[in-house]
Amino acid sequence: MGGLGLLLPADREHDPELKPCSPPKGVLRLRGAVQHYEWGSRGDASLVARLAGETEEGRPCAELWIGTHPAAPSSLASDDGGAVSLREWLARNPAALLGRAVTARWDGDLPFLFKVLSVAKPLSIQAHPDRELARALHALRPTTYRDANHKPEMAVAVTEFRALCGFVSVQELKDVLRTVPEVRMLVGKEDVVKLMTAKEHDGGIGVRSYLQSAFTKLMATSKEAVAEAISKLKSRLNGEIKIRTFTEKEQLVLSLEQQYPGDVGVLSAFFFNYVKLSPGEALYIGANEPHAYLSGECVECMATSDNVIRAGLTPKYKDVQTLCSMLTYKQMFPEILQGVLVQPYVIRYTPPFDEFEVDRYLLPQGESVTMLPVPGPSIFLVMTGEGEIQADGMPDEGVAKEGDVFFVLARTEVKLHASGPGCLQLYRAGVNSRFFC
């Protein structure tokens, strides 16, 4: 192939100068795939569009996918314009390219999917299934749930990033039921009484069952009743605006109503934690946890899956019964990761999932850093700036500029240098280092 001139496994088998036992090393360029979902930003306002070179197109550029998922697989970039999918290329010799431990654990596939998101409009109220549920849903409705894998994920904020994530505390939920009569009406007197008399620290089992009952009733409410409740909510708030300042959650709910009028997701927002990430902060989300990204741009990494169960803030298919039955109903504010400095200019975000971790590189002009060989694959994405990338298997230094994507084979040492002007900012996705311990 062209590009960086890296030898493919098939080439090695027919080259008498190479030792058969010598595992391949090196770096190759990739082309990601853009998803044009309606909630995405457009033109220069979209980081995804800038990275993909699509700022002139008028379509929303919502997500840039980098990985092997069949819904939008990456391909190898070559000088001759040919296209070989990353998945196909890895299948030729997965143990050598991904490493033996990764190949054995994840059946010869890349275990993570790397993304960039540009969110202009809130995404759906959603959750991702655990492995058991994913297999069941895929077998039952394969056109809707297109793979059988779980989908834990982590978002690292590139700009200010807002999201709803997880259920609010018992006390905050009581405050909602006390101050938002429109929600109280739809939940019903029986569940309201149970939740209002629940203790914050009673072991959680009783509270969770009450919360599940109340939330399920809300989400299953008829469209007519939801529309009526939202109308009453708006009228009440319009009357109160002269005598008090709205809470952040009330402001959010009114904003959601403008974008998704009459949607039950507008009212369900009262049940969820409102999370605001500053650039460089991260949020991870496990299986069966409710969430919705609201605005901003982030780097996202997850297990290789596209399974999403939706129940609100979307015109897409809503599987309300499945979502309400699968949730954990834990009530806690999500952990916000600040990252850990693992070497100069490199911060690592480590979620509690084997499939992935993310590193953020921020190199001032003229500085260099080396990633020592690791037993698994890595993907590098250049977010801003310009520099060089050097590694085994490369004939010379490769230029690394905004939007470039590099796949790094297992056991390959990589050196990065920032040539400027300004800082060179990259993100690396790889298998969680704890998996190899």
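Cβ coordinates come from backbone N, Cα and C, glycine included.
TrEMBL does not curate its annotations; it predicts them automatically.
Annotated features in TrEMBL:
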type: ACT_SITE; residues: Arg310; note: active site
type: BINDING; residues: Gln126, His128, Glu153, His291; note: Zn(2+) binding site
type: DOMAIN; residues: 27-167; note: domain 'Phosphomannose isomerase type I catalytic'
type: DOMAIN; residues: 186-271; note: domain 'Phosphomannose isomerase type I helical insertion'
type: DOMAIN; residues: 349-393; note: domain 'Phosphomannose isomerase type I C-terminal'
type: REGION; residues: 1-23; note: region 'Disordered'
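With DSSP states grouped into helix (H, G, I), strand (E, B) and coil, the domain 'Phosphomannose isomerase type I catalytic' (27-167) comes out at 36 helix, 44 strand, 61 coil.
Across the domain 'Phosphomannose isomerase type I helical insertion' (186-271), DSSP classifies residues as 63 helix, 0 strand, 23 coil. The 10 Å shell around the Cβ of His291 (Zn(2+) binding site) contains 23 further Cβ atoms across the protein chains shown. Residue counts for the domain 'Phosphomannose isomerase type I C-terminal' (349-393) under DSSP (helix as H, G, I; strand as E, B; rest coil) come to 0 helix, 25 strand, 20 coil. Cα of the residue listed as 'active site' to Cα of Gln126 (Zn(2+) binding site): a distance of 4 Å. Using a 10 Å Cβ-Cβ cutoff, Glu153 (Zn(2+) binding site) registers 24 neighbours. The residues near the Zn(2+) site, meaning same-chain residues not in Gln126, His128, Glu153, His291 whose C-beta sits within 8 angstroms of the mean position of the site's C-beta atoms, are Ala127, Lys151, Ile285, Glu289, Pro290, Val308, in sequence order.
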